[in-house]
Amino acid sequence: MLEVTSSAQELTLGVDFNDTYKNSELFRRNKQLIEELGKPAYGSKDLHFSTQYSQSFSVQCLACLWKQHWSYWRNPPYTAVRFFFTTFIGLMFGTIFWDLGRKYSNRQDLFNAFGSMYTAVLFLGVQNSSAVQPVVAVERSVFYRERAAGMYSALPYAFAQVIIELPYVFIQAISYGVIVYAMIGFDWTLEKFFWYIFFMYFTLCYFTFYGMMAVAITPNHHVASIVASAFYAIWNLFSGFVVPRPMIPVWWRWYYWACPVAWTIYGLIASQFGDINIMMESENETVQEFITSYFGIKHDFIGVCAAVVVGTGVLFACIFAVSIKLFNFQRR
C-alpha cells in the first residue's frame, strides 16, 4: 500500500490521490457520518463518573501496599544488604565497646558508652537514609506512569511506601539492638531494653523517611543525596554529644531542640544511665548528677523524647506524602 500511494507513483500515474478522495462520494458520506455521530442522541446524557479513580481510597492503599510488598521482597540488593550491614555494624560495635555498659568508675567510661549510642545512630541512620533514596527514585518513576494511567492517586502510593518500610526497619532495629545490648553489657531490665529498642527503631524510621522526603522534593536521588548530606553534618554537630547542650552558645541552643538526633541521644542516655545513683570513683558525684550537670539530661524527660522522636518520623512521612502529591519532576 505504501508503494502504490507514494508521491513517485502519483507522478507516474498523473493522479493526485488527495484530490481524488476529496471529490469522491466516499468522502461526502464519511463527512456526513461524522456530523451525525458528533451529535448526541435525543434523551442521552453525558458520561459522568462520581470519582476520579475506579476504586476507593482504602482499596488503592491495599493495592499499592501489595505492590510495594512484592517490590521489596524481590529487591534483595536493598533489603538483604541492609540487614547484613546492620548485623556487621552490630558485631563491630559490640566488640569495640565490649562490656562498657556497666562501667561507671570515671567520666571516660561513660563517654565510651555514650559514644556507642552516638556512633550507632549516625552510622545506621545515615546508611538507611542513603540506601532508600535510589529505591524511592525508581518507585517514583513507576508511580508517575501508573498515576497518569488513572490507576491510583498519590496518597495511597505514599502511604504504601511508608508502611512497607516499618517491618523491615523493625527487624533491623531488633537484630542490631539484641546484638549490641548484650555485647556492650547494658542493664538487662525490661524497661531499659524496651527504651533502647524503641529509640533505635523510631530513629531508623525517621532517618529512612528523611531520605524518602529528600527524594520527593528533588528531581532525582543524586540531588537528594547532596541535600540530605548537608543536614547530616548539622545534626551531627548539634546532637549534644560533640558539644553538650550547656556548652552550646545561647543563640544556637534553639537548634539543639530542633535537631532530631539530639532527642534520640537524649532519650538513649537518659533511659540507660539517667537513674543510676552510683558514686563514680574518680569524681565527687553520682552518674545521674554528672549526666545532668554535663549534658543537661534528666531521666524524667524520657517520655517527651519518645514523643518527639515518633513525631519527627510522622512529620517526615507526611512531608514525603505531600511532596509526592504536589511536585512532578517528570520531563515527558
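Glycine is treated like the rest: Cβ placed from N, Cα and C.
The domain 'ABC-2 type transporter transmembrane' annotation in TrEMBL covers 60-273.
Look at TrEMBL and you will find 80-98 (among others) tagged as transmembrane segment.
According to TrEMBL, the transmembrane segment annotation covers 110-126 (among others).
As annotated by TrEMBL, transmembrane segment applies to 166-186 (among others).
The transmembrane segment annotation in TrEMBL covers 193-217 (among others).
Within its own chain, the transmembrane segment (223-243) is flanked in space by residues 114-115, 118, 121-122, 126, 129-130, 133, 137, 210-211, 214-215, 217, 252, 255-256, 259-262, 265-266, 295-296, which lie at least six positions past its ends and keep a Cβ under 8 Å from the stretch. According to TrEMBL, the feature transmembrane segment maps to 223-243 (among others).
Residues 101, 110, 113-114, 117-118, 121-122, 125, 186-187, 191-192, 195-196, 199-200, 203, 206, 234-236, 238-241, 245, 248, 287-288, 291, 295, 297-299, 301-302, 305-306, 308-309, 312 of the same chain lie 6+ residues outside the transmembrane segment (255-274) yet bring a C-beta within less than 8 angstroms of a C-beta in it. TrEMBL lists 255-274 (among others) with the feature transmembrane segment.
Annotation source TrEMBL lists transmembrane segment at 301-327 (among others).
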Same-chain residue ranges lying at least 6 outside the transmembrane segment (110-126) that approach it to Cβ under 8 Å: 86, 89, 93, 96-97, 100-101, 103-104, 172, 176, 180, 184, 200, 203-204, 207, 232, 236, 239, 241, 261, 264-265, 268-269, 272-273, 287, 290-291
Tertiary contacts of the transmembrane segment (301-327), as residues 6+ beyond its ends and Cβ separation under 8 Å: 140, 143, 153-155, 157-159, 161-162, 195, 198-199, 202-203, 205-206, 209-210, 212-213, 216-217, 260, 263-264, 266-267, 270-271, 274
Close approaches to the transmembrane segment (193-217) from elsewhere in its chain (Cβ under 8 angstroms; 6 or more beyond its ends): 120-121, 124-126, 128-133, 136-137, 140, 161-162, 165-166, 169-170, 172-174, 176-177, 181, 186, 224-225, 227-228, 231, 260-261, 264, 267-268, 271-272, 302, 305-306, 309-310, 312-313, 316-317, 319-320, 323-324, 327
